[in-house]
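K.L.:
Residues or ranges marked as N-myristoyl glycine in Swiss-Prot (evidence: sequence analysis): G2. According to Swiss-Prot, the GTP binding site annotation covers 27-34, 75-79, 134-137.
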Amino acid sequence: MGNHLTEMAPTTSFLPHFQALHVVVIGLDSAGKTSLLYRLKFKEFVQSIPTKGFNTEKIRVPLGGSRGITFQVWDVGGQEKLRPLWRSYTRRTDGLVFVVDAAEAERLEEAKVELHRISRASDNQGVPVLVLANKQDQPGALSAAEVEKRLAVRELATATLTHVQGCSAVDGLGLQPGLERLYEMILKRKKAARAGKKRR
C-alpha cells in the first residue's frame, strides 16, 4: 500500500470512459482517508499508517438493482508538504471526496482553507465535492450539518455541486449513501455538460 507522489497526474485514458469514474480522495493528514478507502475495498476496518504518497484502488459500489458503478479511487497524502501536489491528482477528475476528522474540531479551519483552495483551482471548478465528516463513531464528533457550517461549504462556487455526509471508517456508517450522492452529482454535471455542448 502506498506509492510516492509525482508531478504527473493520474489518467484513466487506459480505461473506457464508461468503465470507471475517476475520484480523488483528499483531506488533512490523519482524517482517515486511507482507512475509508480500504473500508470500501475490503468491507472491514484496516488500520493504516500515514500515506507518504498515494494509494489507488478500483472499487465497485452497488447502486439500487443495477450492477453498480466502478470508481477508480486515488487516495492522496494529506501532510502539509504534499498538499501542493493535490492539483496534479485532481486534474480531470470526475469527483472530489474531501475527508475531515469530525472529532477534531480545532483543525476544521485549516481543512476549510484547503477545501476552498482546491475546489476553486481552475482545473476543479464545477467538479462535484463530497465532504465526508469521518469518525462519527467517536464521542464528541461534530454532525454533518455542523461540519458543513464550519467548512462554509455553501460558499463554494454556485456551479459546484456539494454534499456533506457523516461517516465512519470503523463501521462503514454513511459511506454507501455518500457515494450514491456523489454518483448522482457526477451524472448531473455530465448531463449538464452534454446539454451545453448541444446548445452551441
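Every residue gets a Cβ built from N, Cα and C, even glycine.
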K.L.:
Residues with Cβ closer than 8 Å to the Cβ of Q79 (GTP binding site), same chain and 6+ apart in sequence?
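P.N.:
Q79 (GTP binding site) has long-range Cβ partners D29, P50.
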K.L.:
Would you say which of the binding-site residues G27, S30, K33, V76, Q136 has the most Cβ atoms within 10 Å of its own Cβ?
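P.N.:
Selected residue: K33.
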